[in-house]
């Protein structure tokens, strides 16, 4: 029973971190060009940020 | 009308560049934000090449290619125009067009899509966590542990549902205000009732709580909503891009000389300079200059019309050979173009509103479910006499019948089918277009610009003396007239080289003349060269005093037109041809394509009246057309397709836009649409059977949260997998 007091908050925090990270990617336009992003990783050119809004 | 003829409107190299730069210089400098359309890029190497080519320009700060939208966004120093950048991209080997930034703003960021995705993410997060807790309860958590788990679930689900399910609540509220029932009403009621009774149960430390059902329901339904939105967002952004390709500018002669202004700023009485290749922005009267104009988009006539001082010229006509000075007589909403587009509104009001399969299902479903849940509630209340039990049963009925499968049945299929058609070059603009396309039994084609490309083709090349053709080629070299282009293309295909002709001058509106071996040669209109007027489109070549010889032309067939018509006829559909062109030209084409029924010299009103008459006879008409004269008919038809080269008004009026040059995808679109409707019906059948099995369980009170979760997921997954079969 005691273990639950750790595990449940941990699972919530981890899930929440995933959610927050997803919202961050969404807000920074990382889903605007899925096709292009998939191909950019094949190019040798350094390209670390998406199109600014 | 083809892209080659209209390209100069936007790609005119210097005409609009210089004045635009001047106008910019007067205002405080603003960074130029340019958008280019790149229709031919397709791979990682393309993106890198284009970006490198653009950033090589000293004043460009950043350039980024979006492969999904096939666009490049360029940040540049003030004063940089697209006319400077397009050659850079073309030099790298890719086609590029300027896009009108103001027309694109709406799709720059897809706000609605992003909002849905955010709600979907929140619902997904909550559903996963609650499911973990629920699994613990199902596998035997008892007493205080179970209560604790239920309370934690409640703490997660309440805010998550409050945020994620808002679209459903809002839609349901709007529907209720309008005293109507749509699919969102039972959805909202089920979600609210599930959360409400679960809270009550938890407070009384009851055994069953439906928090997981409420949140997974929201998640699945949001998935359907998002799919639905994606499908149409892709179509919308592509359609807007087509509109943005025509940058509306005009050259006005002001007090200080020529100035480039936006078309909306033109007033009656303005003097406008219309260069060859330019499209007339307003109605007007020609003041100066002689030329020929192409009116095919307005009337369907393929033959260019002589333009001389005093003649009225209406918006949408394309100037072909000589520069014209035009005094504007009507602008904006008053132009004949706009008035003809108003016909669309008239036709629109006459169009019987099509109810989609999903709406029809909702009409049957929503009241049925509510009555069922109400009866279950009353029945249990009377039999067990316990309000709590009765309410629990009613909630279970609403949850288990709730349209997870129904909510996914249509969007999953239309997304898969639209994706398939998009890869073939067809853009579905309207949500119900696929369903309507599946019912089509009659196809009406427009001629000019739809079945034919609107560019003429030399037909009697075999009968012409080689020498005459070579002289004609030399004369045609200096002209942008479509007939000259056709002679040149035909000669080059036959492997001929032009003769040497000197002193070539173009006489706008008449033709070209020059000196060949000391003799005067003329290529042009019958009246000017001494030829005989003919039924068919013809240009005449006169060498000094010799008898002139005729070059005969016919419209070139659009790629895939013959195959499309043959395939449609083979599948048992009725095919008609309707055109504003002369009977001779229409009959020739009808015979060539073996179309039994045709109408010539049809006015826009005739076309829509004919389509309406067919509809009254019980036919479901598919109209394929591109011109302004087709817009009313496009709206009146059951479903309509227009090619991407069509006029903006026509594209707006049609349900489906054909992106490529070829007409070949049309028969396939019909088959895909029929398959899609079949899948949608199958999905409804799956959902119905699922309800037939699940509802008695729920009414009997046997539906535990575990069974509800399993049943809901199973039906949703079945429906989605069935939809994927269409890809």
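Here the Cβ of each residue, glycine as well, is placed from N, Cα and C on the backbone.
Between the listed ranges B:667-683, B:684-700, TrEMBL ties the annotation transmembrane segment to B:684-700.
From the options B:285-310, B:311-336, B:337-362, B:389-414, the stretch TrEMBL describes as transmembrane segment is B:389-414. Between the listed ranges B:60-81, B:82-103, B:148-169, B:236-257, TrEMBL ties the annotation transmembrane segment to B:148-169. Ranges compared are B:181-203, B:434-456, and TrEMBL records transmembrane segment for B:181-203. TrEMBL tags one of the stretches B:11-31, B:32-52, B:116-136 as transmembrane segment, and that stretch is B:116-136.
Which of B:264-283, B:364-383 counts as transmembrane segment depends on TrEMBL, and there it is B:364-383. Counted over residue pairs 6 or more apart, the CB atoms of the transmembrane segment (B:209-227) and the transmembrane segment (B:364-383) come under 8 Å in fewer than three pairs, which marks the two as apart.
The transmembrane segment (B:389-414) makes contact with the transmembrane segment (B:181-203): 3 or more of their CB pairs lie within 8 A, with pairs spaced 6 or more apart in sequence. Listed as Cβ neighbours of the transmembrane segment (B:181-203) (distance under 8 Å, sequence separation of 6 or more from its ends, same chain) are residues 147, 150-151, 153-154, 157-158, 161, 165, 168-169, 171-172, 175, 209-211, 213-214, 217-218, 221, 358-359, 361-363, 365-367, 369-370, 388, 391-392, 394-395, 398-399, 401-403, 406-407. On the 0 to 100 pLDDT scale, the model's mean across the domain 'HMA' (B:32-97) is 83. With DSSP classes pooled into helix, strand and coil, the tally for the domain 'HMA' (B:32-97) is 22 helix, 20 strand, 24 coil.
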